[in-house]
Amino acid sequence: MTAPALRDTTATRLRLVLVLASLTMVGPFTIDAIFPAFAAMTRELAVDKVAMQQSISVYLVTFAVASLFHGPISDAVGRRPVILAGCGLYAVTSVLCAVAPSMPLLLGARALQGLVAGAGMIVGRTVVRDLYDGPAAQRFMSHISMVFAVAPAVAPIVGGWILGWGSWRTIFAVLAGYGVLLLALVGRLLPETHPPADRLPFHPKPLLRSLGSVAIDGGVLRLSAAIALNFGALFLYISSAPAIVVDHLGLGAQDFGVLFVPLVLTMMLGSFLTGRLVGHVRQGVFVLSGFLVSLGGSTFAVIYQSTSDAPAALWTVLPAAAASLGVALVFPILTISLLDLRPRERGAVSSFQSFTSTCLNAVIAGAVSPLVSGSLTTLALVAGVFTLGALTLWAWHRRTHAPCEAPAETLVEEPTEML
């Protein structure tokens, strides 16, 4: 059926924030919810910790590959069909994970799960830019980030709670239920924001050509890498959570909130500040502030951890919280700036950015974290290098793409349809 054009009302914005933020929570929940179950899974499946880490890496690899195609396909067929298909298939693959009788079959199910889990997050970003311009788009993205920030902290806590009365298989069953809930929310509340007149031909050659042209665009490459490295600093702490919480702080499977709750609070603070100040503070100053907050946390951690024999929880968590705050300040502005580089191919741009970030996250989870998480000093140093790399790329981009003032806040009036 056909829905009327969206009206820029508070109710409309709240509805869109609810749906789009819920879609972006799929990724963190799929990774973080099973952290507390690692010990139980290694016992039942008779595998070691390295094999368990592969369950994250396999998911991230297929997530990265599939992310190249979600956006371009949505440029051709519309946003809603891709998101709906992703939600439905995510529920199915989560059930497959729940019933997997062995580690090889679980890895296969996780690979399938990764193929579909990113559809809502990737295409959801293009929905924001379909509807909003300038500061409005950045502000809306910050609202989504504020809600999304709850996921990394809530997921391991929920996973630990489920583990208390169920098993690791129950965690995947709950993820399947979440996929069904998302399917209902999208079907009921999310309109089509990409009208047929603006769509690209649904043929492999044009889609691949669009993706290829995006992949060789210097501006897209620089900003995508900057976003990936900036978040990579935070993801290094997230993927190292079992080592930080259990090995270094000596806590248990029910105590992951010690790390993740501060991450949520600082992420929400950063998103709140972005929503309130964007359009009033120059973008360059805002982004630089975010990078400096992250670098300050890493610098403090290197000094503290290298001089402390028994690290305290507060000072161990503080650098991760600083990275979370920095990401929240930087991410909305860089993301909208990236999507604005190629307005006709926003889906492809969003896909390429997600591919870049996910590839780096896969390397972090599968190689970097196991190598550096044994030393909190080394972990903080590597996180700082990631942030410094992101800052360098952003500064390079600003030299080659002169920043312009963002247009006034508007909601793009486009025909929308409910399929």
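Here the Cβ of each residue, glycine as well, is placed from N, Cα and C on the backbone.
The domain 'Major facilitator superfamily (MFS) profile' annotation in TrEMBL covers 16-401.
Only residues 6 or more beyond the boundaries of the transmembrane segment (16-39), in the same chain, are considered here, and those with a CB under 8 A from a CB of the stretch are 49, 52, 55-56, 59-60, 63, 83, 87, 90, 113, 117-118, 120-121, 124, 127-128, 131, 140, 143-144, 146-148, 150-152, 155-156, 158-160, 162-163, 167-168, 171-172, 174-175, 178-179, 181-182, 185-186, 189-190, 238-239, 241-242, 253-254, 256, 260. According to TrEMBL, the transmembrane segment annotation covers 16-39 (among others).
Positions annotated as transmembrane segment by TrEMBL: 51-70 (among others). Through the fold, the transmembrane segment (51-70) approaches residues 27, 30-31, 34, 38, 41-42, 45, 82, 86, 103, 106-107, 110-119, 122-123, 207, 211, 239, 347, 351-352, 354-355, 358-359, 361-362, 365-366, 369-370 of its own chain, all at least 6 residues removed from its boundaries and within a Cβ separation under 8 Å.
Counting only same-chain residues 6+ beyond the ends of the transmembrane segment (82-101), those with a CB under 8 A from a CB of the stretch are 23, 26, 70, 73-74, 108-110, 112-113, 115-120, 123-124, 169-170, 172-173, 175-180, 182-183, 186-187, 190, 419. According to TrEMBL, the transmembrane segment annotation covers 82-101 (among others).
Annotated transmembrane segment per TrEMBL: 107-128 (among others), in sequence order. Sequence-distant contacts of the transmembrane segment (107-128) (same chain, six or more residues past either end, CB-CB distance under 8 Å): 16, 19-20, 23-24, 26-27, 30, 54-55, 58-67, 70-71, 74, 79, 82-83, 85-87, 89-90, 93-94, 96-97, 100, 137, 140-141, 144, 182, 186, 190, 193-194, 335-336, 339, 346-347, 350-351, 354, 358.
What TrEMBL lists as transmembrane segment is 140-164 (among others).
If you look up TrEMBL, you'll see 170-190 (among others) marked as transmembrane segment.
Residues annotated as transmembrane segment in TrEMBL: 211-238 (among others).
Tertiary neighbourhood of the transmembrane segment (258-278): same-chain residues 32, 135, 138-139, 142-143, 145-146, 148-150, 152-157, 234, 237-238, 241, 244-245, 249, 251, 286, 290, 313, 317-318, 320-322, 324-329, 332-333, selected by CB-CB distance under 8 Å and a gap of 6+ residues from either end. The transmembrane segment annotation in TrEMBL covers 258-278 (among others).
Tertiary neighbourhood of the transmembrane segment (285-306): same-chain residues 230, 233, 270, 274, 277-278, 315-316, 318-323, 325-330, 333-334, 375-377, 379-381, 383-384, 387-388, 390-391, 394, selected by CB-CB distance under 8 Å and a gap of 6+ residues from either end. Here TrEMBL flags 285-306 (among others) as transmembrane segment.
Long-range contacts of the transmembrane segment (312-339) within the same chain: residues 125-126, 128-129, 137-139, 141-142, 145-146, 149, 220, 223-224, 226-227, 230-231, 233-234, 237, 244, 248-249, 251, 258-259, 262-271, 273-274, 278, 283, 286-287, 289-298, 300-301, 304-305, 346, 349-350, 353, 376, 380, 383, 387, 390, 394, each at least 6 residues beyond the stretch ends and with a Cβ under 8 Å from a Cβ of the stretch. The transmembrane segment annotation in TrEMBL covers 312-339 (among others).
Annotated transmembrane segment per TrEMBL: 351-372 (among others), in sequence order. If you look at the transmembrane segment (351-372), the same-chain residues 6 or more away from its ends with a CB under 8 A from one of its CBs are 50, 53-54, 56-57, 60-61, 63-65, 67-72, 118, 121-122, 211, 214-215, 220, 223-225, 227-229, 231-232, 235-236, 239-240, 243, 335, 338, 378-379, 382.
Same-chain residues lying 6 or more positions outside the transmembrane segment (378-396) and placing a CB less than 8 Å from one of its CB atoms are 222-223, 225-230, 232-234, 236-237, 240, 244, 287-288, 291, 294-295, 297-299, 301-302, 305, 319, 323, 326, 330, 334, 368, 372. The transmembrane segment annotation in TrEMBL covers 378-396 (among others).
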Confidence summary (mean pLDDT) of the domain 'Major facilitator superfamily (MFS) profile' (16-401): 86
